[in-house]
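*Asks:* As listed in Swiss-Prot for this protein:
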BINDING   101, 104, 217  Zn(2+) 1 binding site
CARBOHYD  133  N-linked glycosylation site
DISULFID  156-309  disulfide bond
DISULFID  236-237  disulfide bond
DISULFID  268-308  disulfide bond
CARBOHYD  269  N-linked glycosylation site
DOMAIN    455-760  domain 'Peptidase M14 2'
CARBOHYD  458  N-linked glycosylation site
BINDING   517, 520, 626  Zn(2+) 2 binding site
CARBOHYD  549  N-linked glycosylation site
CARBOHYD  612  N-linked glycosylation site
CARBOHYD  652  N-linked glycosylation site
CARBOHYD  787  N-linked glycosylation site
CARBOHYD  808  N-linked glycosylation site
CARBOHYD  981  N-linked glycosylation site
CARBOHYD  1152  N-linked glycosylation site
CARBOHYD  1251  N-linked glycosylation site
């Protein structure tokens, strides 16, 4: 029996062994034939495979259609379960999703393998069968089929611009989900533009009671768990933990511990303890899918990074399957940990949406499904659990111990009793209706719901009107003042918006400004009427409701209330009340891009208020409502030369012949102006007003500069400085029409006013954020390479108005990689598109490779160098690059105070043919430390560029000599302040170099610096400032203005620095302007001061950022030498005329030729120019030259011919016209070629024909009779000059008649030297005579007034009395022979010694 029993036992063991897949001596072979010929399945192959599996396993497999991608590809999920037709009660649904980023493909193929493996092996492997039978599994191999189609196999990193990572719109889907930290209005706005792939997944996730999920990515090897972001929005390295952190860590470890590589945590140059990480600790992102699952559903989701390479070769897929198979299966089993159960009512019916709470984890209750099911994942432990539901009593807490030892979760059911209800009292539904239907009222009151009075409102009436309407609609309006007028009146603005009070991300800001000219009142009254119209129609007019809900509107009704108060009703074209109380036209008072004059030199309070208001809000579109004409006017309002030509500012009834000045957005501006004009019943006709019959405006629109020049205008300032597109709308020919006419104006302008507001939505808009979802403020958004930029706001939202069609969009954020993409604005209503932009963090080394010849020192570990370190670095650069660099240190008085580095090609060769540039770290000692770090970076850039033979650098050094001055004098004082407080920002010294240069006191540094400028005669100078990002330069010269624009035009325009004002910053700004003007006026040196930072001495880590933001502007400055004109000036014998000079016509600056070969060279922007070449005693020459960009035009040798003066020679100018008179024009100069102003030029014998020279020595005399005439020039302190001319042609002016006056060296007919000599002798003789006479008079008076004046013998005294040696007392020792009659009390004595006798006299005075 024992033997038989042993036999049966052995047989039983053998039988059992047959059912175990991995027992010793027996293994069930798995079906993994799908690993043969590994490849990535295409979309078509994937769909066919899923269809085949569904057909092969009709009960266990089912394909679900989730939605379509942006390009129409199917999003599919394969369900694998015991019975796909009907899920068994309490079977937990689990999902695996992959290929969210289209170029991260390993997970996509692993889920394909997973489907084949589960279905092919669940019947032969019992554990696998148990898993499939007890779990409802959903596999989504690709969430982003469009991105996958764009990706390329073998690329371990994303393609340029992250093509393939995002969907077809290049949107990162893992930033597109609703976020738990979003405000409700942001959530609603983002929902409007959610990508179809995201929307499909969101709907699917919330529609099923998923318990567990995994999202498979690539690019690292780690298991990441929520949360992915935090309230602090740190970039990284700070954990953001869920209430279920212990569960998530267990889930992550389940995957990692079963992965042979992941569990080590050190793959891909990363370091993750145990192969897991909290998402926010790794890097933060908002809008991620795993956070959405946990926050908005019951699902616990992990993000699994599978491989270092995002899209590895297909041959690696079998190896990846073997690494991840166990982890995939074990994670599925985690759906069965914790507790599960049903929540039902007393009758056993399921309660949907009941909440199941675990004590200590109340922040995350589990909601029941429609069938009353719940699952609560928990780690082992003792828990107290209860359930609650609306309308039911909360259950009693139940204590439960979780061990997770079983194959299924511990079951815990709840039955809830209904809440007892006892409603006392009578209730009735109150329905509130208007007394009259809105449609009837609108028809009765012409679109309004209440009667409307068309009348004028003075300031008091307007203020009362606005207060009343604001109090009537408090939920839609906000009344606020932006400042006060000169006379103290408030500048009232009414905000109209669904939720007024603050900027709402994603909602555009719009403004209307009226009554800028106090006597132009139509805009003001129409805005008051428009306000009433919109508020009354809100809620019963779909158009108005949509406008108010989606647009934040601001109406400034009167910008000039003081002017309005003195205006006169009925004024059609007058000027009373046009200006403010200071008599200033406010539309001439804004800062102008081309210059400053008396109209905008001092900012008026109304203008300052409007500027501050405009800059405080992200206005997208604006209109300035005027009167006096009927036209829509768009920028620019003036040209670059209009500050020098007052005649261009006159409205002379004709726009023919005026030069337009379009912006880069000219087509867009014309479209906006056309929208307003075409909506007006007559504006589009372009007919003139009665008083200006020659003003015709095609299509009712005009460019401002082409109409008439307005310098200091508001619409140009809005475009250039505030980034807001603004039009000026002239609303009618009459400025202050009668009140009875206002109803007609309202009928004409109502539709244009509304249509113009609606244009704020046209174009491109969205949000700019980082890869972790952090909003990026100040990001630059540009279209089609234009220089005009839009900037994202605090929440990352941006608006870029654009016409329908394809555009190239460029986005740049500080410390983020640039992003370029092509977008298409639809050509159907509403002509807008949402484009959210994700920027990747920038790599400094990558930037250095692309922009700075890979000079890592310029961007990594930046610091402030001490004076010895700076000198050592400059000396080292000279030693290593002697052919292009020369270090000046203690080689002269200048080099002792200012160490400098001189750079040019072939040091030591003649430099007459080269431009001279000066780059100074700063003229402020407190800014110099930052400036000289930028200067050192620039030197390294040029040196490295020359080593690499970069074309631009080599050409620069061939054409120029550049002096670099890193100021060192007070560095240690400033550096000590910084070391004591690294956040000092703006150190302050009492005596800056710039102030010393402007001051009258003698200073060694100042003197040697100014002497250096005089001796070297630089062409241009660049220096660095702080406190702003502006570029300061001499105003008024169009060439210098073009240079400034060229410097500021960079590929990527960073957001202008918004630096808070301070007293020292304002002082530096004013000092810089004075210094710039002084340098230009006295030393003929244009100085450009580039603002590079808010702080004068920011933290040294920020030096790299300052360098990166400004390198392009600095390079643009140096590139100015590439364009210009040059030549040699010689006489007719080929000899150089070293006293010659060159003047650019219509410009003040004069360029002297070089002292050796008489060469001149001018840096000029491209364009057509006129040059006047002049030399003493030689006829001037006028030369027309067309300067091409990037090329120095060589004029060769310019031959000058001597003057023919009036010494019996007559200069004939052949003409053929028979007119009786002509005109003569020219210039009067002194011998040094300086203009002589106020010189009298006249025709001898014709007393009425005379004129005086202007500031540049120019003159013109008209109506000069034909024939032989004599011109005479007279000027104070100069000898007069005459010239005889023979004029025989009338009508055509005789130009370029140049006089050179000699200084009158005679005074009173004597040569100046002889006069000075004679005058000096006469003065000396006169002085001597006066002294002698005074002395004689003094002695006479002294003698006459002293009666005791007398002579006496010297008293004879011994040594006792005189206190002298024995010899002094005489040999005989006598004491006194005679007593002197002089009074003894007189003590002062004067000895008079007669040289011809031996007598001594004593004159004693009282």
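Each residue, glycine too, has its Cβ placed from N, Cα and C.
Just so it is clear, the model here is predicted, and its values are computed rather than measured.
What's the neighbourhood like for each of these?
*Replies:* Secondary structure at residue 217 (Zn(2+) 1 binding site), taken from DSSP and collapsed to helix, strand or coil, is strand.
Look at residue 133 (N-linked glycosylation site): DSSP puts it in a helix.
The 10 Å shell around the Cβ of residue 156 (disulfide bond) contains 14 further Cβ atoms across the protein chains shown.
When secondary structure is read from DSSP and collapsed to three states, residue 237 (disulfide bond) falls in the coil class.
Counting only same-chain residues six or more apart in sequence, the Cβ atoms lying under 8 angstroms from the Cβ of residue 268 (disulfide bond) belong to 219, 220, 221, 308.
Over all protein chains present, the Cβ of residue 269 (N-linked glycosylation site) has 7 other Cβ atoms lying within 10 Å.
Residue density at residue 458 (N-linked glycosylation site): 12 other Cβ atoms are found within 10 A of its Cβ, drawing on all protein chains shown.
Within the same chain, residues at least six positions away from residue 517 (Zn(2+) 2 binding site) with a Cβ under 8 Å of its Cβ are 560, 563, 577, 578, 579, 585, 586, 587, 626, 627, 735.
Under the three-state DSSP scheme, residue 549 (N-linked glycosylation site) falls in the helix class. Within the same chain, residues at least 6 positions away in sequence whose Cβ sits under 8 Å from that of residue 549 (N-linked glycosylation site) are 498.
Proximity of residue 612 (N-linked glycosylation site) to non-local residues of its own chain (separation of 6 or more, Cβ distance below 8 Å) is seen for 482, 483, given in sequence order. Under the DSSP three-state reduction, residue 612 (N-linked glycosylation site) is assigned to helix.
Secondary structure from DSSP puts residue 787 (N-linked glycosylation site) in coil. All protein chains shown were included, and the count of other CB atoms within 10 Å of the CB of residue 787 (N-linked glycosylation site) stands at 13.
The Cβ of residue 808 (N-linked glycosylation site) lies under 8 Å from the Cβ of 783, 784, 785, 820, 821, 822, each on the same chain and at least six residues away in sequence.
For the recorded site, residue 981 (N-linked glycosylation site), the DSSP three-state label reads coil.
Reduced to three states, the DSSP call for residue 1152 (N-linked glycosylation site) is strand.
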*Asks:* Sort the binding-site residues 104, 217, 520 by C-alpha distance from residue 309 (disulfide bond) and give me just the closest.
*Replies:* 104
*Asks:* Tell me the Cβ neighbour count for residue 1152 (N-linked glycosylation site), meaning other Cβ atoms within 10 Å of its Cβ, over all protein chains shown.
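*Replies:* Here the count is 16.
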*Asks:* Within 10 Å of the Cβ of residue 981 (N-linked glycosylation site), how many other Cβ atoms can be counted across all chains shown?
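*Replies:* 9, counting other Cβ atoms within 10 Å of residue 981 (N-linked glycosylation site).
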*Asks:* Sort the recorded positions 104, 133, 787 by C-alpha distance from residue 520 (Zn(2+) 2 binding site) and give me just the closest.
*Replies:* 787
*Asks:* Neighbour count, 10 Å Cβ-Cβ cut-off, for residue 237 (disulfide bond): what number do you get?
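*Replies:* So the number of other Cβ atoms within 10 Å of residue 237 (disulfide bond) is 10.
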*Asks:* Hey, for the Zn(2+) 1 site built from 101, 104, 217, who else sits with CB inside 8 A of the CB center?
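*Replies:* Near the Zn(2+) 1 site, beyond 101, 104, 217, sit 99, 100, 102, 103, 107, 165, 174, 216, 218, 219, 305, 310.
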*Asks:* Quick one: pull the CA-CA distance for residue 269 (N-linked glycosylation site) versus residue 133 (N-linked glycosylation site), whole Å only.
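*Replies:* Residue 269 (N-linked glycosylation site) and residue 133 (N-linked glycosylation site) have their Cα atoms 41 Å apart.
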*Asks:* If you measure residue 104 (Zn(2+) 1 binding site) to residue 458 (N-linked glycosylation site) at Cα, how many Å is it?
*Replies:* 67
*Asks:* For the Zn(2+) 2 site given as 517, 520, 626, which other residues of the same chain have their Cβ within 8 Å of the site's Cβ centre?
*Replies:* 515, 516, 519, 523, 578, 587, 625, 627, 628, 735
*Asks:* Just to confirm my parser: what is the rounded mean pLDDT across the domain 'Peptidase M14 2' (455-760)?
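*Replies:* In the predicted model, the domain 'Peptidase M14 2' (455-760) has a mean pLDDT of 91.
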*Asks:* Among all chains shown, work out which of the binding-site residues 101, 217, 626 has the most CB atoms within 10 A of its CB.
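*Replies:* Buried the deepest by this measure is 101.
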*Asks:* In Å, rounded, how far does the Cα of residue 458 (N-linked glycosylation site) sit from the Cα of residue 156 (disulfide bond)?
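*Replies:* Pair distance, Cα basis, whole Å: 71 Å.
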